[in-house]
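Have a look at the structure below, then the notes.
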Amino acid sequence: MAKLSKMAQAKRKLKFPVRQYNRCPLCGRPRAFLRKFQMCRLCFRKRALQGEITGVIKSSW
């Protein structure tokens, strides 16, 4: 429940724009946010391994 309230709070327009921060829309995680994909690293990894994100492949060397 606390995570839902934090997600709602992050969506609101703040008085000072510099205080705005990104949150993962899938799980609500505030840290490790990837701007290019608009999700956190954990959700990105899970979806990439399932093949739901086009153009992303697991690297090996």
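Going from the start of the chain as shown, residues are counted 1 onward.
Yeah, the Cβs are placed from backbone N, Cα and C, and that goes for glycine too.
Features reported for this protein in Swiss-Prot:
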BINDING   C24, C27, C40, C43  Zn(2+) binding site
Looking at Cβ-Cβ distances, which residues of the chain lie under 8 angstroms from C43 (Zn(2+) binding site) while being 6 or more apart from it?
C24, L26, C27, R29
Take the mean position of the Cβ atoms of C24, C27, C40, C43, the recorded Zn(2+) site. Which other residues of that chain put their Cβ within 8 Å of it?
P25, L26, G28, R29, F33, M39, R41, L42, F44
